[in-house]
């Protein structure tokens, strides 16, 4: 049975067969649920500064 993964940027679940996996030269991987997450990670934006990410929502409540 395929397993669901979690987006490394926003924290949402990624359905099997969807999303993007980015592999760095050192062999580490990043899983993204959407191009929105991939582009924000590429721009070096912190997830805790954005309201729509899981980290941003938890930081907003504090």
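Any Cβ shown, glycine's included, is placed from N, Cα and C.
TrEMBL does not curate its annotations; it predicts them automatically.
Now, the feature entries from TrEMBL:
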BINDING   7, 10, 33, 37  Zn(2+) binding site
DOMAIN    7-45  domain 'TRASH'
ZN_FING   7-37  zinc finger
What kind of secondary structure is residue 33 (Zn(2+) binding site) part of, going by DSSP in three states?
coil
Could you give the mean pLDDT over the domain 'TRASH' (7-45), rounded to a whole number?
95
Densest Cβ neighbourhood among 7, 10, 33, 37 (binding-site residues), 10 Å radius
37
Taking DSSP H, G, I as helix and E, B as strand, the domain 'TRASH' (7-45) contains 8 helix, 10 strand, 21 coil
Shell list (Zn(2+); ref centroid = CB of 7, 10, 33, 37; cutoff 8 A)
8, 9, 11, 12, 14, 19, 31, 32, 34, 36, 53
